[in-house]
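As written in TrEMBL, here are the features:
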- 30-52: transmembrane segment (TRANSMEM)
- 30-454: domain 'Ammonium transporter AmtB-like' (DOMAIN)
- 64-83: transmembrane segment (TRANSMEM)
- 139-159: transmembrane segment (TRANSMEM)
- 171-192: transmembrane segment (TRANSMEM)
- 204-222: transmembrane segment (TRANSMEM)
- 234-254: transmembrane segment (TRANSMEM)
- 266-285: transmembrane segment (TRANSMEM)
- 297-315: transmembrane segment (TRANSMEM)
- 321-341: transmembrane segment (TRANSMEM)
- 362-387: transmembrane segment (TRANSMEM)
- 407-432: transmembrane segment (TRANSMEM)
- 467-488: region 'Disordered' (REGION)
Amino acid sequence: MAALPPNPVPVAYQGGTPAVPVWLNKGDNAWQMISATLVGLQSVPGLVILYGSIVKKKWAVNSAFMALYAFAAVVLCWVIWGYKMSFGHKLLPFWGKAGPALGQKYLVNQALLPATTQFYDDGRVETAMVTPFYPMASMVWFQCVFAGITLVILAGSVLGRMSFKAWMAFVPLWLTFCYTVGAFSLWGGGFLFHWGVMDYSGGYVIHLSSGIAGFTAAYWVGPRSKKDRERFPPNNVLLMLAGAGLLWMGWAGFNGGDPYSANVDSSMAVLNTNICAATSLLVWTWLDVIFFKKPSVIGAVQGMITGLVSITPGAGLVQGWAAIVFGILSGSVPWFTMMIVHKRWSLLQHIDDTLGVFHTHAIAGILGGVLTGLFAEPQLCAMFLPVVNSKGGVYGGSGGIQILKQLAGGAFIIGWNLVVTSIICVAINLIVPLRMTEEQLMIGDDAVHGEEAYALWGDGEKYDSTQHGQYSDDTSHNKASIGATQVV
């Protein structure tokens, strides 16, 4: 009898081999890695471009670099200790045990979140442990890009004055003592996860936490220079739109990847995300036209962001019509707090939140969390949540208690970030100043990094008659300035 010919298919593609174990679903794995890449693109280059463009020219390099540095620093901290603190075995009801996620034996095995098994009061299993059909390496990277973008969002509150050295210390400390707590509590199997607080994709873990922490850090760092607060025009509106576009399209991975599977709930999440973002952008623009007589491009971007943020906690849990309701409210409530309340409340005016992260992320995040508690649809909840029979308040029965759970979960995230972010800032300030020097604040990128965004002088650099034939737009002179930038 003739011997069978060798299998012509390489081992890497054969089912049942170490490279393709029986538990691996190639479709789920592909979608999870694509989703992670989309979320990563939101930060690098998405928010790097947006931050570098939306600020005054003299802070373009510094703002973009703060985002880039944060993302890179998070990656290393995440795989060395942060991932297991967020998704590993329970240490405390709100915290996992720290440890590395670097070894081959750990990363090639099937992904699992060990603290997520949900039990009834009598000890019976209510919902089995989360065990997606792809390797742990995919899970570690997917969650890493979420941690990374949270720090990048937070940076938006302190642009234009925070010392870069202080930022270098702040990123690993805040990741360790703030982000991991929220992630484990709500996603990794902590007490809010098991209590049934709904946060589909980070309305609380990412947006509420970064908004509150950014606002808190802005208080401790102090405001920008007086001239920067009075006049802070974007240096490139069109490039800002490119960054905003990457942010919007990347949200397909942000919300679509959180079922940990390429399933029908993922499709619902992606569709709802775009419905809400579009609605919110339009509502914000309409309000600008009605009250200020001009449609603002920056306002449209802010409306887009608040829509994306508010739908995030309920993206795969609500129906399409509810996503429109989310969008109407996310385009109007943060608009009202930013354009009306902010101008009348002395506390908000005193704290210099450079990009308004408090309004676009904290307000929009808590709004989305409460709306999720109101509109979460029972069948969609059953596809995703560990607590059976979960539903929003509009569906009657026990749904009303869900709104209280959402408020309590939001209160925990707010309180923790207020206190711990303050402690981190005070501790850093004992070692290195949180704030740049007055000279750096006056000059900008050239003083901080020795680099400028454009080969055009005239925004931040001090005037030197031996080197320049024009005046800086930050310096007052008796005669009008000449060159590319005019004194306004």
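Cβ from N, Cα, C; glycine included.
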- For the transmembrane segment (204-222), what are the same-chain contacts with Cβ under 8 Å, counting residues 6+ beyond its ends? 146, 149-151, 153-158, 161-162, 166, 170, 174, 178-179, 182-183, 186-187, 197, 309, 312-313, 351-354, 357-366, 368-369, 409-410, 413-414, 417-418, 421-422, 425-426, 429, 434-435
- Spell out yes or no: are there three or more C-beta pairs under 8 angstroms between the transmembrane segment (64-83) and the transmembrane segment (407-432), with each pair 6 or more apart in sequence? no
- Query: To what whole number does the mean pLDDT across the domain 'Ammonium transporter AmtB-like' (30-454) round?
  - Reply: 96
- Compare 171-192, 234-254, 321-341, 362-387, 407-432 by their Cβ pairs under 8 Å to the transmembrane segment (266-285) and return the stretch that comes out on top. 321-341
- Rank 234-254, 321-341, 362-387, 407-432 by Cβ pairs under 8 Å to the transmembrane segment (171-192) and hand me the top one. 407-432
- Are there residues at least 6 beyond the ends of the transmembrane segment (407-432) whose Cβ is under 8 Å from a Cβ of it, and what are they? 163, 165-166, 169-170, 173-174, 177-178, 181-182, 185-186, 192, 195, 197, 199, 204-205, 208-209, 212-213, 216-217, 220-221, 362, 365-366, 369-370, 373
